[in-house]
Amino acid sequence: MDISIVLPTYKEAENIALVVSEIRKSVSEAGYEIVVVDDNSPDGTWLYAVNLIGDNDIVIRRINIKGLSTAILDGIIFSLKEYVVVMDADLQHPPQYINNMVKVVENGDIDVVIGSRYMIGGGIEGWTKSRIIISKGATLIAKLMLPSTRGLTDPMSGFFMVKREKVVANRERLNPRGYKILLEILEKCQPLNVSETPYVFRSRVYGKSKLGAKTIIDYILHVLKLSGWRPVKFGVVGALGMLVNLGVIEFLRRTYSYLVQRYFVVGSLLAIEISTLFNFTLHELWTFRDRRGGNMFIRLLLFHTTILPSILSQFIASNILFYAFSIDPLISQFIGILIGFPINYILSELGIWRKRSFE
Ligand SMILES: Nc1nc2c(ncn2[C@@H]2O[C@H](COP(=O)(O)OP(=O)(O)O)[C@@H](O)[C@H]2O)c(=O)[nH]1
Ligand SMILES: [Mg+2]
């Protein structure tokens, strides 16, 4: 099979020769090309690369452009083969696993093969427990917000193979600011047949990681953006729903005051129902507009079943804070609402508006 191997590099002078020679040793396919994309590294990585590569390979030296994702995208665009492997040039992604990726594509109609650290047979060398927990937490965030990543063990992987055509066809939609380019591809190049194959992530021997602490915030913003700011929209709708709820109570107090004074159960149920219908309508038209696959009445019914758990969790949390920790009732109530919100959101995201509606 013909494949291109894209190696983005920045200050990898010590690694580039090693990674290229490992590729030569371990990749069994004859027809492969290497595409190095270097952002004019001050240590001259591009020059080392030029002296190393063969006739079929290319080195792209980008001047005045920096960024991992755009480097990868440029590499994919410049590639000539049907499938493109994307991997780090620092030997953290061992080249011998490329053969397994090729096998997966040969055995089925697959668009993306992800090298996974988190499936059986995969692993991570040299990471502390806390670093693994952060990585798994970040993966969980992606799975919650991005349906295309659910069912995958390692959607944040930097080591993957993709059918070039899928990326080229959607090039305009891919946002190169997000540094997890695989997430972009999974969300925006749909429909895709995705498969995973395990690999063991190695620790870096030479050079330094270019990704710092700011990465975590960038990551969360990236996933939020990819999700169409869905959790934010959900929160806005929830806050508006609360106003509607209070508004109904106030309206009843002024007009049908017996519904609030003598039969508060009726008044409060009415307020809950009206605000629930209001929230549902906004979620249908706005928050989950693109996820209205299936039957609307079933979604409406399911949405009603989420009222109880979210009110209950609000109630329990605010009461614990108030009685056990003597926290001000207003603050207790507010924190209770903050706790009820993610529960409601998670149920909606994973349970009610699950199916995409391709419009
Ligand atoms: N062309 C290019 N490559 C980059 C850039 N930043 C990182 N890389 C390369 O992308 C790969 C992954 O980066 P690395 O710093 O190892 O990230 P980490 O593995 O998450 O710590 C390495 O091969 C880097 O040399 C960049 O801005 N431009
Ligand atoms: Mg690395």
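Each residue, glycine too, has its Cβ placed from N, Cα and C.
Automatic prediction, not curation, is the source of TrEMBL annotations.
Record features, source TrEMBL:
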DOMAIN    4-165  domain 'Glycosyltransferase 2-like'
DOMAIN    233-353  domain 'GtrA/DPMS transmembrane'
TRANSMEM  234-252  transmembrane segment
TRANSMEM  264-288  transmembrane segment
TRANSMEM  300-324  transmembrane segment
TRANSMEM  330-347  transmembrane segment
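Same-chain residues lying 6+ beyond the ends of the transmembrane segment (264-288) with a Cβ under 8 Å from its Cβ atoms: 230, 233-234, 237-238, 240-242, 244-246, 248-249, 252, 256, 296, 299-300, 303-304, 307, 311, 348, 352-353. Predicted-model confidence for the domain 'Glycosyltransferase 2-like' (4-165) is 95, expressed as mean pLDDT. Broken down by DSSP into helix, strand and coil, the domain 'GtrA/DPMS transmembrane' (233-353) contains 104 helix, 0 strand, 17 coil.
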